[in-house]
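Database features, via TrEMBL:
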type: BINDING; residues: Lys104, Lys144, Glu188, Asn265, Glu266; note: ATP binding site
type: DOMAIN; residues: 108-295; note: domain 'ATP-grasp'
type: REGION; residues: 318-353; note: region 'Disordered'
Amino acid sequence: MSSTFPTIGILGGGQLGKMMAAEAVRMSVDARLLSPKEAGPMQPYTGARVGDWTDPDVLRPFTADCDVVTVESEWAPADAAAEVLPDGAALWPSTKTLSLIKDKGVQKQHLADAGCPVPAFACCETLDEALDAAEEFGYPVVLKQYRGAYDGYGNATAASEDELREAWPDLATEDGAMVETFADFARELAVQVARRPGGNQVVYPVAYTEQRDHRCHAVEVPADIDDAIADKARHIAQKSVDAVEGVGLIAVELFEMPDGRVLVNELAPRPHNTGHYSIEGAATSQFENHVRAVLDWPLGDPSLRTPVAVMVNVLGRREGTPPQTTGLPRALDTEGVTPHIYGKPDVRPGRKMGHVTALGADRADTRKRAEMAASAIEL
C-alpha cells in the first residue's frame, strides 16, 4: 500500500469507473481500474488494466498496492477480490452489502424486514405462485428477474393472467422471479446518500427522474415536490442505506404515490445516472463523495451550486463501431450547459452514450437548455 497518497482500485472500466477515477486523480489519489473488456471509457487512464477479473492471478497483482477497492457495478466480482486483498486493505461496499442489493428479491425482503416502505411483492419459484401473487395484488403487476435487470431489461408489466403466463418463460430463472404490484406513482424520485464506514453520511437533494421507454431521460434537481414529501424521501433513503450498511455512494430510487406515501423502488450501491447532475451542479459530486467515503475521509457538501440543475441523457440513435459524434459544437454553444461523452467503443439505439447538465435559476429555462444541448448531439 502507498505511503503517501492512497491507492484506490476500481473494478470496472465503464463511465462510472472513469468518473470515479477522475475525482480520485484530482485529489492525487492513485486510481487503477480493472475491466474484463479491451476497450471502453477507462482507456484514457494509465492505471487501466484488462484481464479476467474473476481470476485470482489477475486480481492479486491488481489489488497488491491498494488501500481500498471499490466497484462501479454491483455485478463486479467483489467476492473474488475480497479473497486476495492485502492485509489492511478494505473493500467497499462490503460483500455483505452487495449480496443484499444485487438480488432484487433479497434486497426487497431485507428492506421490508427493516421497516422500509416498499411495494407489495412476492418471490415466486413457480408460475403458479406468480399467478397466485398477481391474483392477490390485482393486475397489473410487474415481473422482475432477481439479477441483472436494468433500464427496462429483465422486467415486464403484465396486465392480465395471459400476459403473465406469456412473460414468465422469458424472465424466470431456475429460482423463479419476483412479482410486484404495479406502483401507479405520481412521480419517480431519487436520492443519493454518501456514507462512511462508521455511518457518518450526507444526503443529496431529492431529484425528480423522468423515464422514457424504461430508461432515464432527464433528472431535475431539486424535485418540484412538497417539503414534507422531500423530507420523507430523504429519511427513507437514509433508513434504506443504513439497513444495508452501505459504504460509498448509494442511490435510492423511490416512488412518490398519489396518496403521499413514498416507497422504495430499488437501491444501487454505487454512483448512479440520477446523480450525474452533481458533477457541475453540487458543491461535491457524487463521484468525489464516493471516493471520500470508501477512503473514510470527511464527506463534502452535497448542496446545489445553483437553484436548479437538470441532466438529460444522450442515447445512441444508430448502430456503429466506432461511434461518430456530430453536433457537439452546437451543444457546447448552449449557455450554462456541460456535455459529457463517455467514450464507449460502439453505439446502439437507446444505449447511454453521454449526458448533458444545465444549471440555472429557472426550472423551465434550465430544462429547455438541457434538452436542446442533448438533442444536438448525435451518436
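Glycine is treated like the rest: Cβ placed from N, Cα and C.
On the structure: features taken from TrEMBL.
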residue	record	DSSP (3 states)
Lys104	ATP binding site	helix
Lys144	ATP binding site	strand
Glu188	ATP binding site	strand
Asn265	ATP binding site	strand
Neighbour tally for Asn265 (ATP binding site), based on other Cβ positions within 10 Å of its Cβ: 17
Three-state composition of the region 'Disordered' (318-353), taking helix and strand from DSSP: 5 helix, 10 strand, 21 coil
Cβ packing number for Glu266 (ATP binding site), 10 Å threshold: 18
Same chain, 6+ residues apart, C-beta under 8 Å of the C-beta of Lys104 (ATP binding site), given in sequence order: Lys144, Gln145, Tyr146, Arg147, Ala149, Met178, Glu266
Sequence-distant neighbours of Glu188 (ATP binding site) in its chain (C-beta under 8 A, six or more apart): Tyr208, Thr209, Glu210, Gln211, Glu253, Leu254, Phe255, Glu256, Asn265
Pairwise Cα distance maximum in Å, ATP-binding residues per record: Lys104, Lys144, Glu188, Asn265, Glu266: 18
Cβ neighbour count within 10 Å of Lys144 (ATP binding site): 21
